[in-house]
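Presented below is the structure to which this report refers.
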Amino acid sequence: MSYIKKLRARLDSGEISAVELTKEYLAKIKEQDKRINSVITLCEAEALKEAEDADAIISAGKQGLLTGIPILHKDLFCTKGIRTTAASKMLDNFVAPYDSTVTKNCKDQGMVTLGKLNMDEFAMGSTNEHSYYGAVSNPWDLERVPGGSSGGSAAAVAAGFAPISTGSDTGGSVRQPASFCGLTAMKPSYGSTSRFGMVAFASSFDQAGIFAHYAEDVAIMLDAIAGECEFDSTCVGVKENHFTQDLEKDISGKVIGVDESLIKDLPEQIQEAVLKTLDNFKKLGAEIKSVKVPDLKEALSTYYIITPAEAAANLARYDGIRYGYRNPEARDLDELYRKSRTDGFGAEVKRRIMIGNYVLASSQYDSYYNKAQQLRKVMTDQINQIFTQVDVIFMPASPSEAFKKGDKLDPVSAYLSDIYTIPANISGLPAIAFPIGFANNLPVGGQLMAKAFNDNILTQMVVQYQKHYGIEEFILEQARI
């Protein structure tokens, strides 16, 4: 099941041209995004030019699988000649002079960039309410959040503005929005995709990810954007077809680890969806094995010490001098720094910078940052030990369905939205979220996590699951082809 392959067949048969397809999506965005607010920058002229180029390639019979396929990018991936804002006033007018590796790889495959997507500012948030350009609405219920920080990426695909979008995942920022919007999304192993040209939040956690309706499309796209990059020393790359190599194989004999203590406290409807999903996996031949995952509250605390520290260091570059917003009223250098950063950053970003600077202070370093790094290593070892007994670990993707805007303005309650997704980021492991059911008529997602660079097992298992149990009920009518 693949939207990409359906579109490929239509393009290759001449039923529709890349330009016509692009115009359809652009028209839909212009007509409907006023209600959702998922797109920051619409790249109409650039998209039509790329579509014309794609049509020429198709006419010459030299097309690949992705030639002419439209895509939307989270607005923290640099795009040459197109502004990249990270949803911040600080970068409102920043136009990158180069492409990120992720966007370049998409262009090299002949994809058509429709625009840049809304997000939580500098990817800091779980609701997409922390954006200089306004909150994003969930297409399933416009009064609710789409999740974050890649809320625009999830909302756009759920609304049918593109078949595919890119996102980034630092603590669950593709998986939690996928759960809220009824999508499939994956954070690959740390180091499998390049971070070059991706606006940094927390460099040892950040990783590019993909949103789609179907797991097969996620796998196809991850193969397209993954690989070694000379500009990112942490990117080790993966072999060709790493994510798609096992999609046709059945999952009989695969062992799924489940920590029952993580299920018993879930809301009843989500608990029922989880148990039904595990039963479906058993029907496909998988074995369920009881395991004990590390304490999730400790993982949450570890994450919210280390990531603000890394963010404080990364965001120090935005000083009003080199690039970014500059306060026009500053009278001296100190005032320029202070006013530019005070005005240029939103409240949530400033909160995390302050936390980061506090835990990095010499008087607090050993008590907070150093201990958190030690705990990160212990947790990673504990999780990897589980993988000596099982192939994957199953967890919910979120403790709830999408909640209403304004319900979690208290930062601590918002941070708890990431409690099931953070372990994969702490340990650098791959994890995929996929729709498993409904709670209060809203989609909810499950999550599989695997050993580092065993990404192919995750895509295999979810592709086979969706092949047998389908996901059509999770696709909004407006998003259907």
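Counting starts with 1 at the first residue shown.
Here the Cβ of each residue, glycine as well, is placed from N, Cα and C on the backbone.
Here is what Swiss-Prot records for this protein:
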ACT_SITE  K74  active site, charge relay system
ACT_SITE  S149  active site, charge relay system
ACT_SITE  S173  active site, acyl-ester intermediate
Neighbour tally for K74 (active site, charge relay system), based on other Cβ positions within 10 Å of its Cβ:
33
What Cα-Cα separation, expressed in whole Å, is found between S149 (active site, charge relay system) and K74 (active site, charge relay system)?
10
Pairwise CA distance, S173 (active site, acyl-ester intermediate) versus K74 (active site, charge relay system), rounded so that it is a whole Å:
11
Collapsed DSSP category at S173 (active site, acyl-ester intermediate):
coil
For S149 (active site, charge relay system), what is the tally of other C-beta atoms lying within 10 angstroms of its C-beta?
35
